[in-house]
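This report concerns only the one structure given below.
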Amino acid sequence: MTRLPDDATLRQITAADPAASTWLSANAGSGKTRVLTDRVARMLLSGVDPGQILCLTYTKAAASEMQNRLFARLGEWAMKEDASLRAALSDLGVTDALSGDALIRARRLFARAIETPGGLRIQTIHSFCASLLRRFPLEAGVSPLFTEMDERSAKLLRDEILDDLAGGTAPAAMEALARAYRGEELGKLADEVAARRNDFTDFMDEDGCRALFGVPEGETADSILADVFLGGEAEWLPQVALAMAAGSVTDQKSAARLSGLDFARPDLELLTALEGEFLSGAKTKEPFTAKTGKYPTKATQSALGPLMDRLNPLMARVEAARARRVALSAAVRAMVLHGFAAVFLPEYARRKADRGWLDFDDLITRARHLLTDRAVAQWVLYRLDGGVDHILVDEAQDTSPEQWQVIEHLAAEFTAGEGARALSRTIFVVGDKKQSIYSFQGADVAAFDEKRDLFAGRLSAIDRPLQDLQLEYSFRSSPTILRLVDATFDADRQAALGGAMHHIAFRAAMPGRVDLWPPFEPAEKEEDRDWFDPVDLIGAEHHATRLAARVAETIRDLIAQGHPVPDGRGMRACHAGDFLILVRRRSDVFGAIIAASKAAGLPTAGADRLKLGAELAVKDIRALLAFLDTPEDDLSLAAALRSPLLGWSERDLYALAQGREGFLWERLRHRDDVAATLAILTDLRDNSDYLRPYDLIERLLTRHDGRRRLLARLGAEAEDGIDELLSQALAYERAEVPSLTGFLCWLDTDDVEVKRQMDSAGGKIRVMTVHGAKGLEAPIVILPDTAPRQHRERGELAVLPGGPVWKMPADQSPTDLTAHRQAQKEAETAESMRLLYVAMTRAQSWLIVAAAGRMKSPDAEGGTPVWYDLIRDALARIGGQAGADGGLSLAEGDWTGGEVAAAPPAAAPQVTALPDWTARPAPEAPRPPPMLKPSELGGAKALPGDFGPAEENEALREALMERGTRLHLLLEHLPAAPEADWPLLAGRLLPGAGDRDALLDEAAAVLRAPHLAHLFAPGTLAEVPFVTDIAGRPMTGVIDRLVIAPDHVLAVDFKSNHLIPARAQDVPEGLLRQMGAYADALRRIWPDRRVEVALLWTRSAELMVLPPDLVTGAVARVAFP
């Protein structure tokens, strides 16, 4: 019997209809991923070619999850029996589910999807843009083999450009930037300018910057000062200060400030100081207005008498000048910014193009330009028109305006009537404005509604309506959790979430619970600290530490008690994997909770993201590498000794270092009781110049047991940092010429952030940010970071309607920047509300809320909401009961009824005993014997007395050998040149040689000898290298001249000896052995030809052929090792 679908399922079936274009707003936990998967499955079932479906997701993880779900479903269909498959298709909403053809098509879908060229196109927008550019590289103006840059490469390139600009390419722009820049690192400004490059559509000149802030032409600092300081202030203002010094305490403080000012030489700094003195503050009811009648105090005003007639007008002039001053200052800084951008951005683009590099923003920008360029857009869309019939967009609320433009132009043919093929084509968009939390990545929540209206209008124009649906049912959370969410975001708060909202719990009987703990306020008295404690160490009485201790204690007790949690099939005992702890940022609370959980012995997955350079395991390895690179680095060696890699105690290190003379390494080498440490360090030092960084680190981790030592001390989560360090070493070796010094510098360039997959933490407590938890859920969610937060501005640039400008301090900003700052603050406040929504809706059945810090919001008067206060008030409204500790609690549903199943046992890791040989050092690999050379087989190389005194003079012997080398060079190259060119060629071959003429004469005599002409005839070879074996040993050599004839081969070696033997039998033994080696090698190469060897004595131009038995016997006398 077919089961009738419930209302929640009906809504999902309607949204998954493959024939209708749909805009779907989906609450948290409403099953949008299932709807996406169902829609694609139904498209495939209806006969749509898999290659004509394009599904765009926000992250690679989301794309992978959707693809896995889809293939899992198609794989199940392929194996189901008829009855089960009919039920599955009916649940999916397929109207012809009972027909035999539908079953056949369904079973074939898995193979069809697998065999689709390129696979199913479920990818991120960046991946799609990259594939688009690779398909149309010529039209896009990019290299077909472009490389997608990572952030490290981009930062290195930007830093390189900054160095070049400062070094001379654009010194004026860089000098102006250096004078105006107030930050700590110029590279961060360059990073932001590069990220905002699409906003620099036109580089503003001076007139444009002045117009942007309303600065009149000709307005300068001098003109402003002239209107304020009329002359004489240097005489009468000190009198004002003197009179105020005798007044009240307030007047005395003002007098002290005035006395420190130089009124004789007025400048903008003086004017700014007077603004702080004469004008009201930024947070007053009438900010930056003159204190006329209020300054100084009444009694001092009477004492000043006529001077008040000068002071009040001066204050009024300062008030009038302030707006002009801040506007001029903002305009000047904008000019500096655009002057820098005008030289930096084109150079950045040029160097990327030269290298064939594109960063993530380039992928979107280039793809958008490709689809909008009138010269090629129609051609590209025509080609795509034959390949994309259905577009699906996931997480649409986090799509940036630039990405929307790509999607909009892709779908242009969908809404233009008939395309290249006449068929029904659809667009499906799913998102949730309440979960738009990635504005820092360009997401624009307002675009969600704007694009819905845009597509609705276009589709309506061609009679293809866009169905606008909502999924209100939550398959995740209990009614208690959802009631709290609705109460927290009441009518006054729903505007920040994008409008009215309503949640319906699919599991209406699911028990739910909310606990709000009393806040952990900071201690009244600061805790005493030891002088040697790190400055960032938080003590045991710190509010974050106390909160973390309670979190760990609560989790430990709940697990120990076997507290029940619902799991969809009843109740079971909770375990560590049921707990998800979410924070807004990785602050003291974040680190303290991880530390407290580990200290309590709770299985903890560690941080969701880790900075590679901040990982202790990586720091230890890097310290050892730094020592290997620079043995005189005492600090790095000391850190390596104290690390688990070498295992020294503080006492051991103190004994080694105290009172030493020289470097720590020198002291260590002279110790007799540290053989194990010395063996490790010596081995690594001996190999550091020969091994690549990856191999060196791997040697440390495996051969010297470094990985096991680090994991034993730091825990299993240290493995992520170790593995990423190895990955970085491989990446460095692919990009650079590998060296240890270069790798260490490369590591210091950028601190790599590693994102750990926390969706299934393997039965461990997960501690992560709310941003990282998007898409995750857990039975018990703890929100410990709900205390007030100080507002912090992001970035140094503000994008005004006229273009990007430099931000100014809040109290020094012109009207436009002040309005922009307020708008940005309101937008961030709204996003903070959406972030709270995401955090609360991760909980399935139990939500615990806590806070640590001062609970009075620094921005309370400005209306910035505090998470803790919002949840507290909402919980009280829905019936939360006060507890003995001052907190609130609400529990609904049956938490105790029924049998509670035991918690599933933690999956024990499969441990396989390693064979014994893994613990034994591998035997040394046999080294190949050294390569022999024919000239090094022993024996004399010259007749007795040949070199005369040279036999006792090593320097003279070397000089004669050099002479022979130069003569060989001439005999190698001169035969190929006309004789008339020999002197010129000899000059090039032997520049600066004093005996060049004599050598040329000797070589020319050889080359002119008629009986030697056959040796230098065309077709003969010069300086012929060979490799062979002799007596089982490898040998390599070079034959001076080789004549290859059909029936024989002749090898000739040039000898420039002074004494020439009269006959072959008198040739020195060493020369016979050399020629015998030549003969042996040539016989192996040409076994069917006669092999002859001969010596050519250059002094007499005589060729001496050596008998075969003579040279063979000489080789037989060689004593090979």
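Heads up, the Cβ atoms here are built off N, Cα and C, so glycines get one too.
Listed features, source TrEMBL:
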BINDING   A26, N27, A28, G29, S30, G31, K32, T33  ATP binding site
DOMAIN    5-478  domain 'UvrD-like helicase ATP-binding'
DOMAIN    494-775  domain 'UvrD-like helicase C-terminal'
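Feature map: TrEMBL annotations on the structure.
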residue: A26; record: ATP binding site; Cβ neighbours (10 Å): 26
residue: N27; record: ATP binding site; Cβ neighbours (10 Å): 25
residue: A28; record: ATP binding site; Cβ neighbours (10 Å): 23
residue: G29; record: ATP binding site; Cβ neighbours (10 Å): 22
residue: S30; record: ATP binding site; Cβ neighbours (10 Å): 28
residue: G31; record: ATP binding site; Cβ neighbours (10 Å): 22
residue: K32; record: ATP binding site; Cβ neighbours (10 Å): 22
residue: T33; record: ATP binding site; Cβ neighbours (10 Å): 17
May I have the list of same-chain residues other than A26, N27, A28, G29, S30, G31, K32, T33 whose Cβ is within 8 Å of the Cβ centroid of the recorded ATP site, in sequence order?
D432, L471, S474, F475, R476
Grab the pLDDT values for the domain 'UvrD-like helicase ATP-binding' (5-478) and give me their mean, rounded.
87
What does DSSP say about K32 (ATP binding site): helix, strand or coil?
helix
Helix, strand or coil at N27 (ATP binding site), per DSSP?
coil
